[in-house]
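*Asks:* Before anything else, here's the structure in question.
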Amino acid sequence: MARGLKVLSALDSAKTQYYHFKAIIIAGMGLFTDSYDLFSITLITKMLGRIYYSDHQEIRQVNPVVVSALVSVALLGTAFGQLLFGRLGDLKGRRHVYGIALLLMLTSSLASGFSICTTKRACVLLSLGFFRFFLGLGIGGDYPLSSTIMSEFANKRTRGSFIAAVFSMQGFGILASATVTMVVCLVFRSGSKPATAFDVPPEADVAWRLILMIGSVPAALTYYWRMMMPETARYTALVEQNVLQAAKDMEKVLDVSMSQITEEHPLPPATNVAYPLLSREFLWRHGRDLFACSANWFLLDIVFYSQVLFQSEIYKRYLNEKDDEDVYQEAFHLARIQAILAVCSTIPGYFFTVYFIDRVGRVKIQMMGFFFMAVSFFALGFPYYSHWTKGENHDNKGFMVIYGLAFFFANFGPNTTTFIVPAELFPARFRSTCHGISGAVGKVGAIIGSVGFLWASHKEKEEGYPKGIGMKASLIILGGVCIVGMFVTYFFTKETMGRSLEENEDEQSHHAEEYNDL
């Protein structure tokens, strides 16, 4: 019955219109804020170390336990947000909870900057961690809702490109965090230049807060338009069973007349057999797909978040000694390298996905991404101590090129496709829930990657970290995780390119018959 509805057929065959691009920007701002926060916190912790841990004789870093806690608490909030808002999106409607997630994100981002205290280190870091949990909660809510809303507004032919375009806003968030950090550091340094590298002007405590809070501005600008978005026609027609209202909503935003999308005759009552989320029947119909989405996201996030936090190791190759740089210079140079990586590898990876996702397919791109990420990590890992770090003239350029390729194929690969596929595989009444579950499992992998591998990568005791297995072993293990991801994709992940979302609805009756025959 679902594929026979005129309003849904019109959505599948609709030409690309202005509203599609508007929806990409509106939905993408949450992802922008997510990546802005993730990448800016790695820069800000350097400043926090100078402000709250160093003295006039020695420059210190933030305690590793604190760094791990600041990263993990936001990821934990993200996981909870994905589960909570993903489920609410199916129970209450996408539109009704979409604005709440953004509002939570905005207020928490601003509160993280204020962070209550200004002088007491413990108070500052505890309040920062507290507000970062709620920031993660809002960001987590945005993941399933943005992906689901974009998939349900998109047409069948270019749906993958539209969802990938939403996710590509992460790349611009990374670039924005680096750019804002550089500008803020330049402005503050020109106004209060430290006399020596050991001096930390009081204004530096304002600088890091300003960097955090500026990230919420683009999302705030889209709040009005997010609240004005109508409920998706697919949710209204298929979950609320109000086909007439779905047609009225679509007439407002798409270039289509009411007569083209209104049913000529009253529709019979829905015949699909209802079954709950927590049931054997759900697992029979959707268990494999949910496992594939969750496992791939879990494996990807182990690698991706390790990769992000390994940047401190990468940056050491291109920075002067800490004793030669003041608080602003260190943050500026870190941000500059981050911006170069974003422009040269991260953003191009997203663009390649937008272009090829509906030409090559999700499964092939995901397998290819996992494979070349594995190759990159093996190329970095096996000769790490014998070639990449040997002697004073070690190969910095070659190392950076391969590291950049790993980022490129993460984004032209599983980092984007794991966001897309869960929004296409499941029926409308479970779509954002299953996306949230997949993402939450992924964030468990992110915590493992950001905390476990961050500590394991140190071969000797240094900067507060205990002795671990070292960078070589860590990089090789990450390459192995990518290989596992490639095989999970091959054996379990379904291709969704060119497939109507309504095929999920119409398959329910077929699967119900199979289940009832058992």
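Residue numbering: from 1, along the chain as shown.
Every residue, even glycine, has its Cβ placed from backbone N, Cα and C.
The model shown is predicted, which means the values in this text are computed figures rather than measured ones.
Annotations for this protein, taken from TrEMBL, read as follows:
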TRANSMEM  21-45  transmembrane segment
DOMAIN    23-497  domain 'Major facilitator superfamily (MFS) profile'
TRANSMEM  65-85  transmembrane segment
TRANSMEM  97-116  transmembrane segment
TRANSMEM  122-141  transmembrane segment
TRANSMEM  162-186  transmembrane segment
TRANSMEM  206-225  transmembrane segment
TRANSMEM  290-310  transmembrane segment
TRANSMEM  337-357  transmembrane segment
TRANSMEM  369-386  transmembrane segment
TRANSMEM  398-421  transmembrane segment
TRANSMEM  433-455  transmembrane segment
TRANSMEM  475-493  transmembrane segment
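Describe the structural surroundings of these features, if you would.
*Replies:* Long-range neighbours of the transmembrane segment (97-116) within the same chain, counting only residues 6 or more positions beyond its ends whose Cβ lies under 8 Å from a Cβ of the stretch, are 29-30, 33, 37, 81, 85, 88-89, 123-124, 127-128, 131-132, 134-135, 137-139, 141-142, 145, 149, 209-210, 212-213, 215-216, 219-220, 222-223, 226-227, 229.
Cβ atoms under 8 Å from those of the transmembrane segment (122-141) belong to residues 30, 33-34, 37, 41, 48, 52, 66, 69-70, 73-86, 97, 100-109, 111-112, 115-116, 436, 439-440, 443 of the same chain, restricted to positions at least 6 beyond its ends.
Non-local neighbours of the transmembrane segment (206-225) in the same chain are 22, 25-26, 29-30, 32-33, 36-37, 40, 43-44, 47-48, 51, 99, 102-103, 105-106, 109-110, 112-115, 173, 176-177, 180-181, 184-185, 188, 328; each lies 6+ residues outside the stretch with a CB under 8 Å from one of its CB atoms.
Long-range Cβ contacts of the transmembrane segment (369-386) within its own chain (Cβ-Cβ under 8 Å, at least 6 residues beyond either end) map to 300, 303, 399, 402-403, 405-406, 409-410, 412-415, 417, 470-476, 478-480, 482-483, 485-486, 489.
Long-range neighbours of the transmembrane segment (398-421) within the same chain, counting only residues 6 or more positions beyond its ends whose Cβ lies under 8 Å from a Cβ of the stretch, are 143, 147, 151, 160, 163-164, 167-168, 171, 292-293, 296-297, 299-300, 303-304, 307, 314, 317-318, 341, 344-346, 348-350, 352-353, 356-357, 362, 365-366, 368-370, 372-373, 376-377, 379-380, 388, 438, 442, 485, 489, 493-494, 496.
Same-chain neighbours of the transmembrane segment (475-493): 288, 291-293, 295-296, 299-300, 302-303, 306-307, 362-363, 366-367, 370-371, 373-378, 380-382, 384, 414, 421, 453, counting only residues six or more beyond its ends whose CB sits under 8 Å from a CB of the stretch.
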*Asks:* Looking only at the recorded stretches 65-85, 162-186, 290-310, 337-357, which one has the largest tally of CB-CB distances under 8 Å to the transmembrane segment (433-455)?
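*Replies:* Per the Cβ under 8 Å count, 290-310.
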*Asks:* Give the nonlocal contacts of the transmembrane segment (337-357) in its own chain as ranges (CB under 8 Å, at least six residues past its ends).
*Replies:* 39, 43, 160-161, 164-165, 167-168, 170-172, 174-175, 177-179, 182, 311, 314-315, 318, 365, 403-405, 407-413, 415-417, 420, 497
*Asks:* State the mean pLDDT for the domain 'Major facilitator superfamily (MFS) profile' (23-497).
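*Replies:* Here the mean pLDDT over the domain 'Major facilitator superfamily (MFS) profile' (23-497) amounts to 86.
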